Amino acid sequence: MINYKNTLNLPYTLFPMRANLPVCEPTILERWYKDNLYEAIRHKKSKKKLFILHDGPPYVNGSIHLGHAVNKVLKDIILKYKTLTGYNAPYIPGWDCHGLPIELQVERLIGQLGVNVDPNEFRSICRNYVLDQIEIQKKDFVRLGVLGDWSRPYLTMDFKTEANIIRTLSKVISNGYFYKGTKPVHWCFQCCSVLAESEVEYNNHCSPAIDVAFFAVDNIRISKIFNIDLCQRVIELVIWTTTPWTLPSNQAISVHPDYSYQLIAINNSKYIIIAANLVNTVMQRIQCFSWRILGETSGNSLESLKFRHPFMSFDVPVVLSGHVALDSGTGVVHIAPNHGVDDYIIARKYNFKIVNIINETGHYVSNVHPMLDGVQVFQSNEIIIKLLNQSGSLLHVNHNYKHNYPYCWRHAVPVIFKATAQWFLSMDKYNLRNKLLQTIHQVDWIPNKGEYSIETMIVNRPDWCLSRQRVWGVPIPLFIHKKTSILHPRTIALMEVIAQHVEQNGIQAWWDLKTEDIIDNEEADQYEKVLDTLDVWFDSGSTHYSVIPERLEYRKQSPDLYLEGSDQYRGWFMSSLIISTVITGQAPYREVLTHGFTVDAQGRKMSKSLGNVISPQEIIKDFGADILRLWIASSDYSKEMAISNAILKHTIDVYRRIRNTARFCLANISDFDPEKDSVHPENMIELDCWAIDRALSVQLEVISDYNKYNFHNVIQRIMQFCSVEMGSFYLDVIKDRQYTTKKNSKERRSCQTALYHIIESMVRWIAPVLSFTADEIWRHIPGNRSKYVFTEEWYNGLFSISSKQIMNSHDWNTFLNVRSEVNKIVEQTRLNGIIGGSLDASVVLYATPELANTLRILGNELSFGLITSSAIVSDYCNGFNVTQYTQEGIPGLKIFLEKAKGKKCLRCWHYRLDIGQYKNYSNICARCVNNIVGPGEKRRFF
């Protein structure tokens, strides 16, 4: 028997079926960096329009986690697709280098600052520690396939950047937004420093909730207010609080001016005043079941009444406040100006003196109360409850009241509001808050709910506390008068001198400089240096001013896009917006894009205690970076991004489908030279023109979705193209023509031309996401080309179906619907054991005139499109008596299927009646003989 294998054009490629990404990707990376790929892209795109994605600097502290990977890969996808779109899209990665987390890590390594090591040495160790951490993170980011200027990143601890941060601060000062004030700020006892709002997280917390009585001093006035004789009675104004430790700082009691307050007699022995709307709630809480309402008045009438502190020997006034609420408590609030923003505002209104009785480590100072001297505030609650009991002021206590409470995000310990002298940026000076609200409307927020988020935060944001009591940070390099605390009159000029020193020697220069080194000798002894450092959010928030103008590749152009996690509305987006608006009057960005956080399949936050943490390093080690990148691109990152082993398995299946489609294309164009073998569109087989038309449609959709940052839609469309239009139809149908026709026939070269156009397009579609795989595919595509797909632009060789084509798009859709119905019948018949596959079948299509006319266009090639051994079209009326294997899924169509007649051709596997017609080729059909020794068959449609 003759072996006809050598007469077939069987697929061949060196492009492997198995990706083996964990092994192959590092080799690809080596080649990228050996060839200076990033620099090559910059050179190729140097004259193109700039697109600047400004990297929000991640904090330098340990190996990257999955959130880091999501952020960096999304940025890389955008920059690569922008390059394909014709932009020069450089990427300069950055790192946030100063601040408390670094100090804490260094303290763990060398011991406590000020005890085991002096500040100057400590700063030096911090700098070296940061450099080590950067190398760890850089290695991880590079392994992700992220292209960037990794040899020249920007660091907030670069000497020039530190100097420019100081210059940024000087602009804030010169524009009049900077001041020193004593205000309540979040204070962490372990940090011994103020915390930014973004450094505070709210956790479930148990506190003692207490109802406390303040005793009336002026019974006569109260009697007049309620029109009842209470002169000989004990009258109490009752407050409710979850912070008993703040009671020693009490300076007033507030009521709402417009609320109604009732005088209540309890068991005919006690008289209390509380909000009318909360009487029933309070009585139930204090377990009082017998009371009488004696009178009612407005909060306004209670103003300036005096009440005795429950366990300290001084009186406090009643004040009015719109902040008093009726959602809990008693409608009466005790005021401790040191420990609450609302309390502080009231204190300013009534000119109370702010007295701090708690030190930086959270202990009471001396002479507050004999039982509280030196006691830590959270440990004082039980002592204070005991004092209240002794004085008869405690009406009720709940020791396990659960509520949200601010915690230090670094130490995971509760914090307090503490009034301290700090440097602030005013949110309301020169109408800044309203300017910010106007500015945000000029920015595109993606998703658009981000605009509402940041708008709400701006409306409610207090003044920005810029100062920190730390060592490792950019200094606030000011000189203040020793007696008046006023800034030196030449502050701006002095800051420039200091910035020049820092530019040469780093922030250590500030601590090395003496006052007389900067200020003239005759006044040097009148001034002292400020030793506070800047909030690290000022460091990163000023990079649009301190970094962007310094990089030549940015051509002094402002950033187009900021892309970070949704937590950055109150972080980097906010700090950058404030600083930019203060200095330039404009937003620092044109677009802001946010992504959600990673969670497990059940929507739970990843944590070691739950055992659901998946690291990017694990994914890369087991599956490769392209799988991680594909999962990121496939996820709707505007929401929480779920990941699990099952989800990764699905991602791998998607990857295989894309890779196998690419491999099929490559395997069937291995002998194709696009310069010599391409077929002109007018001469191509119509199915091939349809395939190119579909690829063009997909490309337009893909580019549109890339432009909208809808990467999950990009992947879905590519997957649909590979699975449905290609895998389930085109690639299946062309196998007969590709394998059996003459090697150099127009029929085969037309098919190869289409596959070439498709792979040229597809490799670009996937390059921003599957960067390693796209690079591998690129090197296997025939024809002259540049070395890397990443220097290219979208493929322009695709075309639409021509008006000269007999089959238009509508006709093809009609055929595909018919084919789908035929496939259902084929599968049903196969399951019944009558046929083994579609080539075992012969079909008759009974169709109404319009449908029949469309199908008859295809003539005797119809069977090739249906992948059956024969197929004919008959008038619908002829099929009335047909019942076997009939399906009428399409109106006006009946299908009759039977086992094909004739013998099976050993070469093309079609059942034919002409097998054995040629003596020397007794086992193959006449068509195959023609393709082997004759001029070859001719096709027009399939």
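Every residue, even glycine, has its Cβ placed from backbone N, Cα and C.
Swiss-Prot lists E564 with the feature L-isoleucyl-5'-AMP binding site, giving sequence analysis as the kind of evidence. E564 (L-isoleucyl-5'-AMP binding site) falls within a strand segment according to DSSP.
In the three-state DSSP scheme, K608 (ATP binding site) is classed as coil. Just so you know, the Cβ of K608 (ATP binding site) picks up 7 other Cβ atoms within 10 Å once every protein chain is counted. If you look up Swiss-Prot, you'll see K608 marked as ATP binding site, on the strength of sequence analysis.
As annotated by Swiss-Prot, Zn(2+) binding site applies to C905, C908, C925, C928. According to its DSSP assignment, C905 (Zn(2+) binding site) is coil.
In the predicted model, the motif ''HIGH' region' (58-68) shows an average pLDDT of 92. Annotated motif ''HIGH' region' per Swiss-Prot: 58-68, in sequence order.
The motif ''KMSKS' region' feature in Swiss-Prot is assigned to 605-609.
Counting only residues at least six positions away in the same chain, the Cβ atoms of Y4, T7, T740, C905, R907, C908, Y921 sit under 8 Å from the Cβ of C928 (Zn(2+) binding site).
The Cβ neighbour count for C908 (Zn(2+) binding site), using a 10 Å radius and every protein chain shown, is 20. Sequence-distant neighbours of C925 (Zn(2+) binding site) (same chain, 6+ apart, CB under 8 A from its CB) are C905, R907, C908, H910, R912, D914, I915, Q917.
Following the DSSP three-state reduction, the secondary structure of C928 (Zn(2+) binding site) is helix. Its own atom aside, the Cβ of E564 (L-isoleucyl-5'-AMP binding site) has 20 Cβ atoms within 10 angstroms in the protein chains shown. Cα of K608 (ATP binding site) to Cα of E564 (L-isoleucyl-5'-AMP binding site): a distance of 24 Å.
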